[in-house]
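Have a look at the structure below before the remarks.
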Amino acid sequence: MTSVVVVGTQWGDEGKGKITDFLSADAEVIARYQGGDNAGHTIVIDNKKFKLHLIPSGIFFKEKISVIGNGVVVNPKSLVKELAYLHGEGVTTDNLRISDRAHVILPYHIKLDQLQEDAKGDNKIGTTIKGIGPAYMDKAARVGIRIADLLDREVFAERLKINLAEKNRLFEKMYDSTPLEFDDIFEEYYEYGQQIKQYVTDTSVILNDALDAGKRVLFEGAQGVMLDIDQGTYPFVTSSNPVAGGVTIGSGVGPSKINKVVGVCKAYTSRVGDGPFPTELFDEVGDRIREIGKEYGTTTGRPRRVGWFDSVVMRHSRRVSGITNLSLNSIDVLSGLDTVKICVAYDLDGKRIDYYPASLEQLKRCKPIYEELPGWSEDITACRSLDGLPENARNYVRRVGELVGVRISTFSVGPGREQTNILESVWSNI
């Protein structure tokens, strides 16, 4: 029994897709356990970029099983489109498995998402308007439609009529918006269900059988710990649990079967949307990092907010997600800076604190306390070992590991697979 969970330790966009793709080489099953098509990940293979939103990164290994678990909310339209995109690029998808217990995102979820966000005005959360939150709301309210329901014509029709009637009352009475028509949704989405039917199964059985057989299973999280609905910067969070604990709920695999948790982070910090960001940069350094790091959302295309590396955030993520190994990405983006900074603590009303407050009001008053390190001017994109890095870059990597309190297993100096350097195999000693 061998399993590794990959989680983002910041606000998403840390490079999880790349690391998952990298670790997939030694895995036999790769599974997603939460989120939806609001999460975008980019994988570079032979200098070609592939952008995925729902399908696990392991799909590019045709001999491995890729799983969309029960904790994922699935937009069938987006999924069919993504499958067509992969087929058009010559990628086979016969190795995909989709949980019959996963909940379905329908047009009324997306419409409600937009209406709710518009109604918030200046207090908007910054949702991607993909219907994720409303779909999870229906799931919690026990009125959601699952993949198993989508495949049954009579059941889907019955539940869609009930849900649509309720949502239309909401649209008309609360939001003064036009209702949606049953006939505009039913046939289209039932057909999507038929197109993905071949992939649908009880994925909990597949995952547990694989683990019991001693196979290597890799769990791929979406978003990041700081967007976790319980442990993140609430309410500026997603509607699911990206933390490693989300695996047990979102995949149907018990906690006793999780061996290691790899936390993925960038050598700086970024975030899309609104919410607290203590180390955010508003100067030329921030603009430089954004442009060199190509910090624009995979899903939204929006410019990401960027800032210095925050070890307070990272220690919080380590604690609540049980991180055992760290993967540090995008060190090359910091090349050329005379000085690089790491936030080591916060100043809250004149008091030094080393924890991440739950209160948004306190977070607004938190000022980062920085440790400054000398930068490096060398191009490090061809470095293939820690010793190959310039001394200042090497010291930066080591200091990150010390402040977070987790050993660094891999570090990356560029987006390519070959630019990921192994310091310690996460698959060993399990």
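In case you wondered, yes, glycine gets a Cβ from its N, Cα and C as well.
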According to Swiss-Prot, D13, E14, G15, K16, N38, A39, G40, H41, R142, Q223, T238, R302 bind IMP, and the residue from T127, T128, T203 that belongs to that same site is T128
Within 10 Å of H41 (active site, proton donor) (Cα basis), scanning recorded positions D13, G301, P303, R304, V413, I find D13
Among G12, D13, K18, G40, T42, i.e. the recorded positions, the one with its Cα nearest that of T300 (substrate binding site) is G40
For G301 (substrate binding site), the same-chain residues 6+ apart in sequence with C-beta under 8 angstroms from its C-beta are none
Closest by Cα to K18 (GTP binding site), out of the binding-site residues T128, Q223, R302, is Q223
Sparsest Cβ environment (other Cβ within 10 Å) among recorded positions H41, R302 belongs to R302
